[in-house]
Amino acid sequence: VDTFNTFKAPQPRNMIENSMFEEEPDVVDLAKESPSYPIDTDDVVYEPRSSRLLVRGLGENALDEDEEDYESSARLLGMSFMNRSSNQRSAASSYIRQHYSGSCSMPSTKTMVVGVVVLVLVASMLMVLYFLLGCNFTTAGCQKTNSTMDSIYPNSTNGELFPWADLRLPCSVHPVHYNITLHPDLTIMTFQGSVSILVQVLNETKNIVLHSSDMNIIKATFDGKDVNFLEYKPWQQIAFKFQEDLKKGQYVLNITYTANLSSSYDGFYNSSYVDTNGIKRVLAATQFEPLAARKAFPCFDEPAFKSTFTIKMTRESKYISLSNMPKVITTDLKNGLEEDEFEKSVNMSTYLVAFIVADFISVSKNVSKTKVSVYAVPDKKEQVQYALDTACKLLEFYNSFFKNEYPLSKLDLVAIPDFLAGAMENWGLITFRETTLLVGSNSSAIDKQLVTSVIAHELAHQWFGNLVTMQWWNDLWLNEGFATYMQYISIESVFPGLDIDTEFLNVRFKALAKDALNSSHPVSTVVSTPEQVEEMFDSVSYEKGASILLMLNATLTDGEFQKGVTQYLQKYKLSNTESENLWNSLSQVSKQNLSVSEMMNTWTVHKGFPLVTVKRSGTQVTLTQEHFLLNAENSTDDSSLWHIPLTYVSDKCSVLSSCKQVFHLKEKTATLKLPDQVKWLKFNVRSDGFYIVHYDEEGWKDLIGALKEDMNVLSCKDRAALINNIFALSRSGKVSFRQVLNLMDYIRNENETAPVTEALFQLGQIYRLLDKRSELDLASRMTSYIEDHFGSLMENQSWDLETSVSKMTLRSALLEMACSLNIRNFCVVIDSWIPSDLMRTVFKVAAQTDEGWGKLLDMYKHSINDPEKHKTLEALASTQDVWKIIWILQKSLDGSEIQTQEFPLVINTICKSFAGYLYAWDFVKENWDKITQKFSVGSFAIQSIIMSATSQFSTKTHLVEAQNFFSSLGTKGSQMRIVQEAIETIKLNMRWMENNLNTLQSWL
C-alpha cells in the first residue's frame, strides 16, 4: 500500500503508500487490557469543554454552538492556553480513599492454613493456564490447534462457547479455492454475496474457524448439508462446529450473506463524485489491506492463507466491473442487469483481492504479454496518458531487473475519486488516489515525480508482496520496505531527470527522526492485534526498511544484491516468507567474507539505530557506537550493538565514488588505523548508512572549517547529512545549539537543493515552536536569521517556467519560506500565469484575503485537475481567519464539500499556523468518535492526525492536556504507539526549549 505523505515539501507520496495515506478505516479494537505503553498522567478525567479559553475581541457576531467550542480554545493576540488545574483538582477529588472505623479480628490458625492451601491451588491453576497459553503471536505462520480447557473460550453472540481462543486462525484447515459471487446495489448501498470455499483439512478437527465482519449470514452448508455457525465479533471470527472429527481431505463450505457497502474507506465500500455537469455519480470499490477482505466475503483473512479465486460480479448495464483477472464472459441477466465472470486467479492472499463497479473509461497499451490499462472517470480521460506511458516503462524495467516476468495477462491502474490510501497494490488491479495517478496538461515535473513514485512503488509490489508475501504482518517491511527501495532504484534508472535521489535522502532523514524516539519499534516486531497491524504501516516499515536495503546494497559488490533478490523471488514465488529467507538468499550469492543474516538481523531486530562517535588522534581513529535516542534520560539500559558498515572519506579524496573507504564496526568500540595523516574525516558517505555521526570538538571544527573554505570538498548529500546530524545531536543534548549555528555559517554560500531544503526544514521547525509558544521576539529574530542566511538565494529565484525538478524543489522551498515569514517583498498575488510548481506558494498568499479565499474555494469546487485541486486545498487550509478554519475542519470531516480523505491533510496544514493549531487540536478532541469511525484506530491517517495536532506543543499545560485526553480514550486509541510518540515529542520540545532559549537569546 502506498501511505501517502504529502506534507513535507515537494515530496512524492511515500511512504508513498502511506504518505499519501494508506489509511484505512474501521477495524474493531481487540485490545481490552490497559495500555501496553502506560501514559504518564495525573488521575484526571478528560473533560474537553471545561478547558475552554474565553477569547475577547472576536467581533460582535455571536458564534453558533460548534464554532464557539473551537473558537474558545484559540490563543489569539498572544494569549496563553488556560491552565486547567482547577478542573484537575475537582476531577481528582472523586478518588478519595475510604477509611473504615473499627478493628478486624485475627483469623484462627485453621483459617490461615486453609487460606494458604487455597492460595497454593489457585497459583498452581494460574501457572498451568499460563503455560498452556504460552504461545506468542509474533512468529510466522498460523497457530496450532488450541488444547486449553473450555473455560478459557470466549462466548459467541448466541451465548455458546466459541471453539477458538486465539486472534490468529488455526492451521488445521487451509483454503484451496474461493468462488465468490457479488451483487452490489448502488442505489441503496447494500450487496448480496455468496462464497463457496474449497478447503483442505490438514489435521483432523471438529472446527472450521475463519473471518467474517459486519455481515448478515443467511445460510451455510458444508458438503451439501446445512450447518450452523457461531460468531465472535471482537475477533471478527466465525466457526463451524462438527460432532465428529473431519478427516484429512477436501470439503466445500458454502455461505450466503448480505451486507451494507462500507461508508468508510475499507472493505467493499461506496464512493461518489460530482461530474462537470453537477451530477452525483456513485461507484463501489475495495480496500482490503490489511484486515478488510473479511468485510466483503467470509474468508481466511491472513497473508499465509494463500488461495485462488474466481469472481462473478452482477451490475447494472450502465457500469463496468473490474477485478484482479481478465474478464471471461458477460451474461445478460435481463432487467438491466449483467453478470461479469473473471478468470481464475493466481495463488494469492485475501488482502490482494479487489473488485470495482463504476462508470470509468480507459486507455491501454501492451507490454510484452501484458495489457496495461489506466482507468479514470470520464471527465478526466485527458489526464491518464502519462500514467500509462510511465507504467509501461516501469513494467519493462522490473521484468528485466527481477529476471521474472509479471505473471498476469493484464495490469489495470485505476484512479478512484474517493480513496484514502495513496494507492493499493491489488494484484492486476492497482487502485490509486486521483492525485497519485492523473497528470494534467499544466502539471509540473514535481507533480510527475509524485505520480511516478507511486506507480513505481505499486508495480514493485507485484513482485514484493504479491508474488512473494510476508508470512505475517510482523514482517510487513518485506513488502513495504522493498517496494519503497525499488521505487527509487527504478526511477533513478528509467527517469533520471526526476531527481529522485534527493527525495530518497529526505526520506532517510525522516526515518531517522522517527526511529530516534523511545516509542519507535524494530523493523520486525510483535504484531498480535488489529491496531498493531494497522500501526505497522509507518515510516519504520517503509522508509527505514528501504534505508537498510540501500545500506546493504551499498555494502555488497558486483551486482550481488540484484542476484540475491532474483534468487529469492524465484525460490519463493507464490508463497510466503520471513526476513531470514531474504538474508539467506543474499548470503548465498555474496562472495564477501560477510554474513548478511548476521549483519542485517542487528538492523531488523533492534529498535532504533546507532550513533557513531569519532575521535581522531593523528592516524589513529577511535570509533564508538551506542543507541541514539533523542530522550536518552528516560530510556532503559540498552546494550544493543549493530554491525555497521562504516564508510568514510577524507581531505585526501572526498567527492569521487572511488574515494569511499569501508570499515565494519561490530563491537562497542574499535580502532581504525589510517595510512596517512589527514586534515579531516567525514563518515557515512552520502548518508547511505542508517546511522548518524558525532565528532569530537576538533573533528567538528575541522569539518566546519573545510566547508567555510570550500563547501565543494564534500558532496551536496554529505553537506545535507552534516546539517541533519548536527540538528539531531543538538536536540538530544549532545552538542550545543551554538555549534549548530557555527556550522550554519557556511550556508550563505550554499545553493544546492539537498542542504538548503534540509536547513530550511530544521530552522522552520524551530520557528514554529517559538511561534506557538508566543516567543514573539525570538520568532522575529529567527525570521531575521533566515533572511540573513538565505535572503540572497531567495532573491535570485525567478517566477518563470522551470524544467529542472531539483531547481523547482529549491525555489519552492525558498519562496514558500519567504512568503510564510513575510520576508522582504518576495511574495505578491499574481493574476497572470503561474508556474505550476509555485501554485501552492502563490495560492497560500492569496488565501489570506477574503476575496482570494473565496476565489480559491470556487476553484477547488470546480477544478478537475487533481494536483491543482490539492494545492488549492492546502492554500484554503492555511487561512488565518478563524471562521474559515472552523468551516474547513467541519466540511472535511463530514465530507460534504471537501472529501473526507483530505481530512488528515487539512489538519496538518491548519496546525502549521499560529491562528489554527489550537482550533485543530480542540476539533480532534471533540470529534474523536467521528474521526475513528472514518479512519481505523492505528491507521496511518490517525497517526498523521495525532502528530499534526500535537507535535508543536512545548509547554507543561499542553503536555498534561494531551496525556489526559489520550488516557481517556480507552479502547478507542489509548494503546496506540503513536500516542506514546506524541507524548514523547512534546516532552522533547519542552526540554529543547528549556535548554536553548538562553542560547537563542544570545546568538540570534
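Placement of Cβ uses the backbone N, Cα and C atoms for every residue, glycine included.
Feature annotation from TrEMBL assigns transmembrane segment to 112-133. According to TrEMBL, the feature domain 'Aminopeptidase N-like N-terminal' maps to 174-352. Feature annotation from TrEMBL assigns domain 'Peptidase M1 membrane alanine aminopeptidase' to 386-603. Positions annotated as Zn(2+) binding site by TrEMBL: His457, His461, Glu480. TrEMBL lists Glu458 with the feature active site, proton acceptor. As annotated by TrEMBL, site 'Transition state stabilizer' applies to Tyr542.
Of the binding-site residues His457, His461, His457 has the largest number of other Cβ atoms within 10 Å of its own Cβ.
Neighbour counts of Cβ atoms within 10 Å were taken for the recorded positions Glu458, Glu480, Tyr542; the minimum is at Glu458.
The CA atom of Glu480 (Zn(2+) binding site) is located 5 Å away from the CA atom of Tyr542 (site 'Transition state stabilizer'). Distance from the CA of Tyr542 (site 'Transition state stabilizer') to the CA of His457 (Zn(2+) binding site) is 11 Å. Mean per-residue pLDDT, taken over the domain 'Aminopeptidase N-like N-terminal' (174-352), amounts to 96.
Rounded to a whole number, the C-alpha distance linking Tyr542 (site 'Transition state stabilizer') with His461 (Zn(2+) binding site) is 12 angstrom.
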